[in-house]
Amino acid sequence: MPYLYQDSKPRSAAHPGGARGTHSSGKGYEQLKQECLSRGVLFEDSDFPACNSSLFFSENPPIPFVWKRPGDIVKDPKFILGGATRTDICQGDLGDCWLLAAIASLTLNEKTLARVVPVDQNFGLDYAGIFHFQFWQHNEWLDVVIDDRLPTFKGRLVFLHSAELNEFWSALLEKAYAKLNGSYESLKGGSTIEAMEDFTGGVGEMYDVKAAPNNFYEILEKALKRCSMVGCSIDTNSAAESEAQTPFGLVKGHAYSVTGIEEVNYRGRQVQLIRIRNPWGQVEWNGPWSDNSAEWHSVSPSEQRRLSQAARDDGEFWMEFEDFKVHFDKVEICNLTPDALEDSTAHKWEVTIHQGSWVRGATAGGCRNFLETFWTNPQIKLHLTEKDDGQDDCTFIAALMQKGRRKLKKLGAEMLTIGYSIYESPGRDGHLGKDFFRYHPSKARSKTYINLREVSHRFKLPPGDYILIPTTFEPHQEADFCLRIFSEKKAITEDLDENIAIDLPEPLHPTPNSQETDEEKQFRALFEQISGKDMEISAEELEYVLNAVLKKTKNIKFKNLSLISCRNIISLMDVS
């Protein structure tokens, strides 16, 4: 069993007010900054050093990168220049358009942006070469500290940059997110909804545009009015099509952000328009309602001003909603709070969090196709006791997220294919066995099994007791997961997972000993940084922690601690 502790108790949703510091020194942003100011030095982050390991883990840099601070790149650097806007996001030489599309959406909500990008940062008198950003991770807000050394080539930023060459908030945000995930390379390829959730703690919904409901325009309109983050993309049929440009100026396999939706008076009729942004900052739709199209000649100047329409090669463009449905395939919406998912915002949703794991030989049973092992998966009992107001059913959203896979890319880990099934409870306590699933069909399930970080879906079921089973598609695949249940009315949940989620007392954080050596202090800080509040850690993560600390220990000589050794260490600590 690769976890020191398995929490069986559901937890409430995290609040962004108290973000946990993550620096290995155990010090927060303000303390680190004040120490640099008092010593008259610029901060250098030993947790994410200015070297190749922070850039790539599977290759050498294709060009000779030079790490430079903003003041070494331009004469008068600014953190934010004239407000943080979507035009501040221009893609560099990294395949993270999914992240950039999310950042562009983030700029549409000033309050949400200020949570992720604290505004009390600048290059003024109290500049110390240190900045910080906040991200949501598995029901916890983290404060990520970085130095401002950025990778450059021939004096220019290589990755994300602003259209204004002396503005650096977006490049520094990308660096902080790269640090959170282990390296810049770890950001290659992803789903926009993943970053959106990390920026908000919200819950995502995905739509197949070709099969979208009839009121899809109203859904998007309502989402943007409630400051939800919205992304869209065009499917590819092969790897060769990725980033291929269509005759209409659209890019396949590329993440766009939706930044506006409006109706415009055109020759006596109302036309539905949608505004899209390409994070490249260029390459735009060239069909009807594009920047220089003839349609705009029939729209009054006042209407054009209202829509902020201008013919600029900035990557942003309008298109008719009917054309959007023809050319785009996927839409991702991240609702900032569960309240935004309903027509009325007068109510508050209840949120319950479950942390768990799939463990080979214990709880990694795979999907229902594998009946012999399916029953061994974690089982969570859901009590739906109150109907929705004026309804006969109970509404809830189940969002299943696999944890830490992007950070483990350097170890060869990929996103697993995940999903879940929901069964009506037979009315007895305890873990359900194989025979139950042999003879009883599921009452509901996720739309599909897919290799995304999170799978979520909304359900309406009659009041009663249900069993929710989160699984990987294939059996024997190991990973941690976080299951979030959003319900309109109070829903009671409990784990039935007898194997790995026994009712243990809350783990105690060891009290630091004043006689600890520097190596022990470093180990403690790094362990707590990776494990979080629940003090859980996988064998892969333990391998990383031990090797990182022991390599710096003067009186111990060794090459590397193997993954097998770390698994054996954890087996000795197994409490189940």
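Cβ coordinates are placed from backbone N, Cα and C, and glycine is handled just like the others.
So that you can see what the record holds, here are the features copied from TrEMBL:
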type	residues	note
ACT_SITE	Cys97	active site
ACT_SITE	His254	active site
ACT_SITE	Asn278	active site
DOMAIN	42-337	domain 'Calpain catalytic'
REGION	1-26	region 'Disordered'
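Separation of the C-alpha atoms of Asn278 (active site) and His254 (active site): 8 Å, rounded to the nearest whole number. Here His254 (active site) is positioned 7 angstrom away from Cys97 (active site), judged by their C-alpha atoms.
Using a 10 Å Cβ-Cβ cutoff, Asn278 (active site) registers 26 neighbours. The Cβ neighbour count for His254 (active site), using a 10 Å radius and every protein chain shown, is 23.
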